Amino acid sequence: MLDLKRIRNNPEEIKKLLSNRGEDFDVAVIDEIVTLDEERRKILVEVESLKGKRNQVSAEIPKLKKAGEDVTQIMNDMRKLGEEIKNFDTRVNEINERIEYIMLRIPNIPNPEVPDGETDEDNVEIKKWGEPTKFTFEPKAHWDLGTDLNILDFERGGKVAGSRFTVYKGLGARLERSIINYFLDKHTTENGYTEILPPYMVNRDSMTGTGQLPKFEEDAFKVENNGYFLIPTAEVPVTNMYRNEVLSGDILPIKHAAYSACFRAEAGSAGRDTRGLVRQHQFNKVELVKFCKPEDSYAELDKLVEDAESVLQGLGLPYRIVRICKGDLGFTAALKYDIEVWMPSYNRYVEISSCSNFEDFQARRANIKYRETPKDKPKFIHTLNGSGVAIGRTVAAVLENYQKEDGTVEIPEAIKRFMNVDFIK
């Protein structure tokens, strides 16, 4: 959520900054907010005046009664005054609801470093690590490898649940679990994160706090009749752990690493990378979430990207980093980097992690603040998160990049201690 004061003081600047954001967003609502805010402030001034008058007259009534004067007309006037105040209060509540409705649907303002552009083709590559894997034979796609090695069962996943669900079997299940353990160990013992195991269901306030609601409700799995949502990412429960709290500045930054299953309907994605493990309705992920002071947030973002990179480097998987352009930035981020792993079956890099600085956008929605000392006025914190990284896509990348001509798959050195085998065959 944006700062209403900033909108009030600089509406034209806000409209300009949001005009090429790439969201389905009409900047004209900024003018509506300014108009409503001005009306509300005028009403509040008037109400204060009326309440002052009512208090003054109310204090005089006992004196007039004691003096034997008739106060009938004065009492009638006070009742009318009370009705007037009540009507004003009703209008203020209506304005508040409308402003909140609009504010919850306004995307974040891009950082000046965000490149111009409309689609993912306009994202800017800033780094490459490793070289795309070369083969002396025709490599298989991970869905074929998984089927041939009897470690991924897409057919039975579809039978049990439907399209875009997968059953992991034998060494496939162990590979998934080994990667999870490796990521969590790396982030907690080397990168300084505290491990969190969060709930997989959250309430509407939590989904609103991190920005999934109201805009992306159609992409969420909702549990009917009780208001719960299955989490699309551990970012939601971990960020909302601190909702409506004022944190002490001396404990910042807070760094959490959370493994969870993630659930996404991904409406409108039919036909886009839906074969194999790349785009599933249910998948596992290790999420990195940070809470820090505003002046530290961009340095923390750089470190967050490095932490996400570290697990891919440990696995020896080639990747690149792109800075996301304005049109592809999404709703909540002020600045975002995608890490894309090389996927031979696609002959291109595929997103495996997004690392974002939301600045105070989520903190305003979730009301998360901090203060340096107990005497200081609380200020909104900055939140960041990044995939550290998506597990299913890592499984796919390992299978494809480490496959051998005989159809076996070598296990990366970093996870052999978890796998207890050198090859899947």
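Heads up, the Cβ atoms here are built off N, Cα and C, so glycines get one too.
Binding of L-serine is annotated in Swiss-Prot for THR233, ALA234, GLU235, SER387; the matching candidate from GLU176, GLU287, GLU340 at the same site is GLU287.
Around ILE352 (ATP binding site), the same-chain residues six or more apart in sequence whose CB sits under 8 Å from its CB are LEU312, TYR319, ILE339, GLU340, VAL341, SER387, VAL389, ALA390, ARG393, THR394, ALA397, listed in sequence order. Shown are the binding-site residues ALA234, ALA265; the one with the most C-beta atoms within 10 angstroms of its own C-beta is ALA234. Those residues of the chain, other than THR233, ALA234, GLU235, GLU287, SER387, with a C-beta within 8 angstroms of the mean position of the L-serine site C-beta atoms are VAL236, VAL238, ALA258, SER260, CYS262, LYS285, VAL286, LEU288, VAL289, ASN385, GLY386. Neighbour list (GLU287 (L-serine binding site), Cβ cut-off 8 Å, at least 6 residues apart, same chain): THR233, ALA234, GLU235, VAL238, ALA257, ALA258, TYR259, SER260, ASN385, GLY386, SER387, GLY388.
Taking each of the binding-site residues SER353, SER387 in turn and counting other Cβ atoms within 10 Å of its Cβ gives the largest count for SER353. Take the CB of GLU351 (ATP binding site) and look out to 10 A: across all protein chains shown you find 18 other CB atoms.
The Cβ of ARG264 (ATP binding site) lies under 8 Å from the Cβ of ASP219, ALA220, PHE221, PRO232, HIS281, each on the same chain and at least six residues away in sequence.
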